Each structure stands twice: as structure tokens, then as C-alpha cells.
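Read the structure below first, then the notes.
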Amino acid sequence: MLLYERYRLAGHFFSSQFSELITKLEQLRNVPICDPIVQLSVEAPALPLISWLSAQTLYPKIYWHGRDRNEDVAAIGSCKTFYFADQVDDNALAQIYQQQRNKTNHQDIRYYGGLAFDRTVECWPEFGRAHFILPRIELRRSGNHVRVLVNLNFENGEPEDEIQSALNAIAMVQKPRPLSPPNKLNLMGRSDLPNFARWKELVEQVTQANFIKSTPKVVLSRHSQIDVDDNIDPWTVLACWQGRNPNSFQFGFQFSPERAFISCSPERLYLRRQQELFTEALAGTTVRGLNPEEDNVLAQALLDDIKNSHENQLVRKHIVDVLTPLSQYVGADEQPKIFKLNHIQHLHRAIRAQLKPGVSDFELLRALHPTPAVGGLPRDAALNFIRQREGYARGWYAGACGYLNHHESEFSVAIRSALIEPRRINLFAGAGIVAGSDPEAEWQELENKLATVLSILIDF
């Protein structure tokens, strides 16, 4: 009861719910535990989950909000972790996860995490080339209801130790605090890698006739390091970003106080429900108009543009080709539609598939990631060019972030993203380079893609 008293004095919004979970945890001490992973759950009223997450002091901290679903998730702590700091063995990772899935297929267990863009090169500290976590505590909101979940891992060690770890995590939970829009920061410095001169050289190399014959598309990207005069709360930034681009995936991973990766990405890698798969070709970009009439003119010009249409068609064809061996059926939109965001609009084609029995999430990740929308075509040739010439390691930018579950898994492509460090925000943006690409126009496209998040942080 001491733990509950400590919790109750904090005046937390969910005091009765956590009291109920503490009672359930205490009851586990008196019953035989047969399942290796146990999940406890109680219902609670809704609250803004990002404000709750921002107040927490237990790491890791995870947030996930799907693009077109009325659900978001905030999670803290770790019950079980799959972490690959160095070379990722896809087969080993798939085997480990399959073993876990076989043990927990009757529960709503989710592993949240991500894969780096390029799993053959060094990644950021704490993130690794692949990192998935079964959180200790999850809050899942659907509509006006929240489920508070506590996960326990009884695979190794004494059950009493695991129960006590869960109780200790509950004791650390803090009450939510309101989030205000972040104060505008003073820009202390900015550096771009590659800089414009190098960018121009790279675009010219990629658009040479001999290169285009073998590698028709390379997605070049830029890392912009923005130094400011104060620290940045990643969850405040993500909440503002979410408000400006609601038609996006919003997610964040913070494995320690020093570093957080957040993204407001329009792009789905895939959504799998049982054996049904939903994915898309999202490539080809223009700006939004200043009024509805101009916006429609720009959208129609994008639909009519040969270069952008060709780029989108390349992505569509590649995805259909790699899904065909894994699927009983694959269907894709013949003509692109317009997908609108706050500052830009994209060409979009929906793709659907019925997977063959037994196809796993890791087979899908291996087939689809990275897509031509963030790497290029052919994939291996484009990735090799990026690896050798781009000048920096992308880390989780343009990686695959989401969650794994027995019945349903969903991943987003981590574009429109930021790595936040003390007094620094690292921003990333890319552009697909094909025949006819202009270096200056593509450089401006990078600026357009950063406009929303920069406007949140800095007065220009």
C-alpha cells in the first residue's frame, strides 16, 4: 500500500486506475504464472497523451499516432527489448520475434520501435540499427476512452522481481502537465550537409545520361544542424507539429534524456491486418497555394507534370513487383491522386495486397524498406551511391518506425523528422532525383519540407 500512497500524493489524473493495477499486481504474487508475457489492463477517461508523456521521467518514452486512425499511444519504460547496435541479422530478428509471437498470440502485445534507413552503417547512440521495445506502461487512447496497460516479462528471473519492477514503474508515474506552444528560439547557427555546392554536384552526377540508364532514380537528402539558445522539449514540438499536419503519422522515441527522434510523416510503409496489406506510392511534390484557386492550379500542374508522374510510377511499380511473390493478389491505383499537407502536396497511389499464408512482418520489412521514395531505383545501386556520396549517416531518418503485433502491424517511413539534442535540432529532408531534376528546384523542395517544423521553433 506504500506504493499507492506515494502515487496518490502526486495527485495524478489516473490515481484510481493505477490503484487498481497495483491490486492486480499484488494478486499475481498468489497465483501460478503460466504465460511468459502478462498484460494487465484497466479502463480510464481520456486525456492528451503527449502532455502525459512529456511529464514522465521513466525512459524510454514512446509516442505513436496513426495517420487515419482514431488512436494514439504513449508508453514508458521497458519490459523487453530487441536491440541491434551493429549489423542487423534479419533472419535472427525474425526468429526472435516469431518465438515471442508464439508465446503471446492471445494477447494485445505490441513491440514499438524502428529500423535505421541503412542497417549496414553506424547509427545514432541508443537507437541502434534496429530497436524494438515492449513497454512497461502503455496508455492507448481510442476516442474518449483510454486503456492503461502494464506489461510483465516472466521469461527469465524471479516472478517477484518482475512484479516489483512493475510496481516501481507505477510509483514513478507523474501527473500530466499542460503543454504550451514552445517559445520562439534564437538561431545561433546552421550548417547543411551536403551544402548547396556539393548538392549541385551530386544532382548533376545522378542526372548524367550514362548514370540514368542504370540508376533512374536516387533520393538525395540533407542533414540541417540547427543550433539554438535553449533546450527543446521534443514532445511540445511534436504536439505543435501534429496540430499543423494532422493528416500524418506522428511518433517519437526518446531512449534517454539527451536525445529524442520525432517525426510527422505523411508516408505509410505498410499496415497489415491479419493477411491484408495496405501500402502506397507517395512521391512527387509541389507547394500549397496561397488560396484555394491557386492550390487547385498547383495540384493540377503536379498531376500533369511528366517528371513527377514518372517518379511516382517508378515507386508504384517497384512496390507491386516486390509484393507479388509474397501475395495472392496485388492491386494498385492506375492514376495518382493528390495528398495535401500544410505546406506541400504529393502524388499518391494506394496499393493493396492479400498476403500468402505465413508471410511475416520481417519479410515485409525486408521487401519494402527502404522504398524507392526514400532510396531510389534500382534499390541496391541507389543505396550504394547514397552510402558513398551523401556525406552523412541518415540514422533513423527515412527508416521504418511503428509497431509489431500478432494480428496487426503498422509502420511509417520516418521522413519529415528531427533528432533533438541539447540546444540543437537536427532536421532531415530528401528529394527524388530523376532525369530532368534541377539542383536549385530540388534544394528549394528541401526547404519547403522543413518549413512547418522551423516555423514552430524559430522566428525568421
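Along the chain as shown, the residues are counted starting at 1.
Just so you know, glycine gets a Cβ as well, placed from its N, Cα and C.
What TrEMBL records for LYS217 is active site, proton acceptor. Sequence-distant contacts of LYS217 (active site, proton acceptor), defined by Cβ-Cβ distance under 8 angstroms and a gap of at least six in the same chain, are GLU311, LEU314, PRO372, GLY376, LEU377, ALA382, GLY432, ILE433, VAL434.
Counting only residues at least six positions away in the same chain, the Cβ atoms of PHE249, GLU280, LEU282, ALA373, SER412, VAL413, ILE415 sit under 8 Å from the Cβ of GLU267 (active site, proton donor). What TrEMBL records for GLU267 is active site, proton donor.
In the three-state DSSP scheme, GLU445 (Mg(2+) binding site) is classed as helix. Residues or ranges marked as Mg(2+) binding site by TrEMBL: GLU311, GLU445.
On the 0 to 100 pLDDT scale, the domain 'Chorismate-utilising enzyme C-terminal' (197-449) averages 94 in the predicted structure. What TrEMBL lists as domain 'Chorismate-utilising enzyme C-terminal' is 197-449.
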Of GLU311, GLU445 (the binding-site residues), the residue whose Cβ has the fewest other Cβ atoms within 10 Å: GLU445
Secondary structure of LYS217 (active site, proton acceptor) (DSSP, helix/strand/coil): strand
Secondary structure at GLU311 (Mg(2+) binding site), reduced by DSSP to three states: helix
